[in-house]
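Below is one structure, written out as structure tokens, with a few remarks after it.
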Amino acid sequence: MSKTTQEARAVIPRHVAIIMDGNNRWAKKRFLPGVAGHKAGVDAVRAVVEVCAEAGVEVLTLFAFSSENWQRPAAEVGALMELFLVALKRESKKLDKNGIRLRIIGDRSRFHPELQAAMHAAEQRTAHHTQFLLQVAANYGGQWDIVQAAQQLARSVQAGELQADDITAEHLERCLSTAPQRHPDLCIRTGGERRISNFLLWQLAYSELYFSNLFWPDFKHQAMRDALADFSLRQRRFGKTCEQVASEGRTSCSNNG
């Protein structure tokens, strides 16, 4: 076993978040319609879920459809919704069989009632599993998440359940759509871009960022293992110096963090 593999097994992120980018460019490169890239991306999801579950990751959050994606061509959005519906019905059975819980975060109100019903059914089918959680962010935006959390707190203040001056970061975190899950330890973005695109803005405050030039459909088993191996070599400081971190018995000083 290589040193990198050993270290990757020793330090595994408990929560991984992924911005799945590059489906359209993958399809365009092959002279295929954009929806072909999204369909191919489903295979990458299966591969990444498999690697994360085997490695001991507890939560995997995938950015499937942003609140800004509604601005794309109507035909593409329609194809995505159809693909999402089919995938939910098919993949939820596999997730249940493999002991994986599915949770969907985001504003569902804009989705067709049939799709909303499929989301609920898939979550209910897998709700009893506790070892591995797959969170899918659909019609999600980091700004939306913070706003809806603030609105919840405002209603609590209005109802006399909470004083405005008593509100803390912990109060807001409990109202985020990802609660009660821990924040991501690692955030991966595929497709070569170097930005987080309004994804988990609050939750990614101290996450390690990993960028891959691979388009999402090409991000399979080995690519995911490489990302986990890279994470194992990082030193997470959370505002401390590398000497402080080293004195706590964690990894040695590095240029990360």
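Glycine too: its Cβ is placed from the backbone N, Cα and C atoms.
What TrEMBL lists as active site is Asp21. Counted within 10 Å of its Cβ, the other Cβ atoms near Asp21 (active site) come to 24, all protein chains included.
What TrEMBL lists as Mg(2+) binding site is Asp21, Glu208.
Cβ environment of Gly22 (substrate binding site): Gly37, Thr190, Gly191, Gly192, Leu214, Phe215, Trp216, Pro217, Asp218 lie under 8 Å away, each six or more residues apart in the same chain. The substrate binding site annotation in TrEMBL covers 22-26, His38, 66-68, Trp70, Arg72, Arg189, 195-197.
Asn69 (active site, proton acceptor) has a Cβ environment of 16 other Cβ atoms inside 10 Å. Classification of Asn69 (active site, proton acceptor) by DSSP places it within a helix. Residues or ranges marked as active site, proton acceptor in TrEMBL: Asn69.
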Ser66 (substrate binding site): tally of other CB atoms within 10 A of its CB: 21
Structural state of Trp26 (substrate binding site), classified by DSSP into three states: helix
Site with most surrounding Cβ atoms, counting all protein chains shown within 10 Å, from the binding-site residues Asn24, Ser197: Asn24
